[in-house]
């Protein structure tokens with residue numbers, strides 16, 4: 001992708017629960033379709049998505065990219081406390097705010113999410129029919145983790161709740177350990193955090209214990225059937241280990257028409273951003289054009 005000369009501005013909006021979420025607006029050159037983008041698990045808006053937002057901006061789509069609650073520039077305490085249901089609700093508030101922008105055709109607002117953001121995007125699209133289309137890229141489907149870690153996580157969560165009632169600070173765990181494992185037993189690439197540091201992406205390597213308590217009660221498979229009749233596209237790397245390919249395909253099977261699947265041959269969770277990303281994004285643009293008529 002080439003460097004963009006189009007503008008980017010700082011924006012903020014208020015959620016129903018009184019928080020201010022802050023992000024970036026990538027305005028297209030004229031009024032038309034719009035895209036709200038959601039980053040990965042415990043990730044700020046800076047991670048990977050700005051270049052993709054610029055690409056869509058250059059192709060006539062106004063994009064909104066913001067830090068989720070408790071991350072980066074956005075409000076929310078405790079910090080790094082991730083709640084899928086709450087993030088989906090905040091996407092509803094983002095739509096409410098975004099549709100008032102003079103550059104945005106309120107009938108052509110789509111959602112786009114990466115990894116955990118893909119999960120949240122699917123959930124928000126299931127319940128908010130103001131959304132015209134949804135794209136989930138390498139979505140994290142099962143966030144409950146290794147069953148052997150369930151009881152230790154719950155015990156930590158109960159200890160944390162009791163301690164906080166006594167005035168203690170929230171309990172945190174490393175987001176990613178040196179070997180690439182995360183607290184619930186799932187495995188990420190060991191080089192992920194060092195790579196983000198080299199790229200200058202400000203990811204805090206910590207996450208609240210309560211994040212994993214909340215994840216144990218969240219199952220996207222219970223809601224994806226309600227996305228229809230909103231058109232949805234799933235973009236699945238063939239060799240995804242971080243968000244297993246088979247989980248993504250199983251989720252796609254649970255979804256109803258209209259739906260489209262784009263399998264990225266030979267690609268892992270994030271390495272699709274290197275190489276021929278243009279063709280991948282062009283297929284997503286074609287999906288949006290066909291279903292949002294622009």
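In case you wondered, yes, glycine gets a Cβ from its N, Cα and C as well.
Database features (Swiss-Prot):
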ACT_SITE  115  active site
ACT_SITE  240  active site
ACT_SITE  269  active site
Return only the integer: C-alpha distance in Å from residue 269 (active site) to residue 115 (active site).
8
If you draw a 10 Å sphere around the Cβ of residue 115 (active site), how many other Cβ atoms fall inside it, taking every protein chain shown into account?
25
Protein Cβ atoms within 10 Å of residue 269 (active site), excluding its own
22
Around the Cβ of residue 240 (active site), the count of other Cβ atoms that are within 10 Å
23
What's the CA to CA span in angstrom from residue 240 (active site) over to residue 115 (active site)?
11
